[in-house]
Amino acid sequence: MNEFGDSMIRTLIVDDSAFMRMAIRSMLASSPDIKIAGDACNGKEAVDKSKSLHPDIIIMDVNMPVMDGLTAVKTIMSTDPVPIIMFSTLTVEGSKEALEALQLGAIDFVPKSESHHDVNKIEKELVDKIRNIHSSNPSILRLINMRKFKGEVVRGKWSCAGDFAVLIGSSTGGPSSLEQVIPRLPGDLPAPVFVVQHMPEGNFCKQLAERLNFLSELEIKEARNNEKVTAGVVYIAPGGYHMTVKKALGVTRIKLIKSQPVHAVMPAVDVIAESMLDVYGKNIVAAILTGMGFDGAAGFKKIRDAGGSTIACSEDTCVIFGMPKAAIAAGGIDTVKPIFEIPEEIVRMSEVKCNGK
């Protein structure tokens, strides 16, 4: 129930294209629990209508006249925060801007498509994200306030030479959550770090890697097929591919697989978890941060059963508690920590794996 006395999800549509505003209205029209609160044709109008209409969710374009989407996101999130979903193109520039919007406080994005064949897919993704994000509003707003927290790099004491690996899984809310975790990992971490962030095929993961690399001591890169795995490097799975690891003749390499989605996503956490078990066995430290659905639940259970160490983000600091909750329910989690304590826990668990304590 919202402040207007109904249980519908009041949505504000922001796009400078009248055609696109109408298209989004049409996509949402068949959802009985979603109500269009209004629309806006630029960022300034979005800021004004956000204040006057008090929507539950805002769908925001990036490139608009008068005030662009990035400025509007920053203004709204600094004054009267509302969950914002960016509606962005899959171009290099569009990917960069969408990622910047996520860093400024937007919760998620849905990629635009010029093909009419993708309309049903976009509609489903948009509706699913509106519903899931709306159901998590309190956690989202808490996390927005916590983004001001910038901790120091966590130092560890190591006596091994990279006999273990770290896995981090995330989805909705992942880019901002990853920014709370990866830059605080030490540059001398004697293990590779594999990151599966649910992203569509395109340029988003590359832009994410470049952003995190700028902020971190570790080297962060988008993973490439057949690349040799090196300790101290963070490999982010590219969108549209499952990332796996395979060891042959004493050398571990990344294998990118173009196949069917698992849990409706590609890359999937469960896929790399399975392959990591084959290579690293019990010598895995795994953290699941945020996201819808249950990807990672089965994989984390197998990692824990094999003797690996697993962490889930706490509900009160998680954007979307679906994936962590599913992993906890499956019995796949050793410890639950607030997002800002996860770097310390990764380092602590890594010390145990590395030093055999």
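A Cβ is built for glycine as well, from the same backbone N, Cα and C atoms used for every other residue.
Values in this document were obtained by computation on a predicted structure and should not be read as measured data.
Listed in Swiss-Prot for this protein:
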ACT_SITE  SER171  active site
ACT_SITE  HIS198  active site
ACT_SITE  ASP295  active site
DOMAIN    10-127  domain 'Response regulatory'
DOMAIN    159-353  domain 'CheB-type methylesterase'
MOD_RES   ASP61  4-aspartylphosphate
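Around HIS198 (active site), the same-chain residues at least 6 positions away in sequence with a Cβ under 8 Å from its Cβ are SER170, SER171, THR172, GLY174, VAL265, PRO267, GLY291, ASP295. Under 8 Å, Cβ to Cβ, and six or more positions away along its own chain, the residue listed as '4-aspartylphosphate' finds VAL14, ASP15, ASP16, SER17, MET20, GLY69, MET86, PHE87, SER88. Helix, strand and coil content of the domain 'Response regulatory' (10-127), in residues and according to DSSP, is 59 helix, 26 strand, 33 coil.
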